[in-house]
């Protein structure tokens, strides 16, 4: 009798503990980013989570700081990565408020699943540029020069926007290029040149500018055929839609555009 | 099944010390939760697998190229780990030198280091512009990044500690008196290692090799960072899965199934022969 009572109590203890653990887990996912987000007309508050293409890293970080200063009590957290990876995690249920993609095609992955609230708006455009080693020791002056044998060139993988764009530019020039690697996003392609492991990479103008004197940029005419539109949208399941809208407004404002064009982005 | 039988059918009074007794609930419940947690993702993979389009997904040349490369590189990494890892384990287990504990800690560092960090470190060491790599490049014209050799190196870096730890543990457990007897009878220390120690620790070496092989097969971070991603040359299965997931989840699931099947097949085949022998 006592033994079985003892046992029942044990079971209760254990189930209680596991239930508590589960509650803690689920609480983590729902409570922190501004639970009072329902009042979307109220002034921005809480945490806003922005998923943005890797090429936006520098300018969005600047804009994030600006936003936090303009709206005390807010916090902007970023997840930068390849647009396709980000789109996949959003359709997979990642708790994001804003998505800024490097191509309309990757944004379409999210809008096709009806995960975006409203129509995405193009806020900047970005053009490709060749990144070479400092001083351009291989004297690369055109896209065709990249096809020279012995030259180590890295491209973005075809699944990410910079890779698609690079392919479009190569097609426009009627060129065939075999790189040493297809990198998973534009930043890792650029890093390979910064570390001098590759001689050149096809990246965005903005990435060349952000890298400072660690790489040298070479413009090429075919890049006009492969200009990427960058769309931005507030997501349907945004935990904090009010603040998210305010952030998108800042990105699209004259002030935001100034930061973006300083980074090398073109006007939409 | 047998566990639950003994748990339920045995009368409670009958419980003596040393006999099979009911599993305490505070241990059983978390154990089952743990088991479910480990198995559910694998079951989900099977449930959501695109069974109908699977044949056509798996017959693509790219899949076989990636699989062939993965198996090849994991094998090469295991052999490389054996060649340098077993002597290293012996050194750690059987000799005394100042700072041995520190060296052992360094050896196990790749176990806890994020693989991407390992990849960056490899680039800085063996890259074209790296500390050692620049000499390899200018003296021998060897560059390792973006090559299949680079994949093998990245996998070895991440997998070898598993082998070293496993072999060192077996060496410590093995009785050193057999070796001592051999050396007293005139064998050199190397002969004693080769003829006495090595057969003695063979099961541990095998288990370590399996662990290292499995770790090498699944390697992602160090590989993509150090060796890049090019189909047929450096794109192993995990890289193919990751990139496929971005625009073709069905293909990623199909690739994952292949990798899962290969891993299960190898572990099952080796289990009877080696793993239980220790």
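For all residues, glycine too, the Cβ spot is worked out from N, Cα and C.
The structure displayed is predicted, hence computed values, not measured ones.
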Field: Listed range which TrEMBL flags as transmembrane segment, given the options B:105-127, B:220-242
entry: B:105-127
Message: I'm validating the feature mapping. Which of B:177-195, B:196-214 is tagged transmembrane segment in TrEMBL?
response: B:196-214
Message: Can you work out which residues elsewhere in the same chain, 6+ from the ends of the transmembrane segment (B:139-167), have a Cβ less than 8 Å from its Cβ atoms?
response: 69, 72-74, 76-78, 80-82, 84-86, 88-90, 92-93, 107-111, 115, 118-119, 122-123, 126-128, 133, 201, 204-205, 207-209, 211-213, 215-216, 219, 222-223, 225-228, 230, 233-234, 236
- line: Same-chain residues at least 6 beyond the ends of the transmembrane segment (B:67-93) with CB under 8 Å of its CB atoms are 100, 103-104, 107, 148, 151-152, 155-156, 159-160, 163-165, 167-168, 171-172, 193, 197-198, 205, 208-209, 212-213, 216-217, 232-238, 258-259, 262
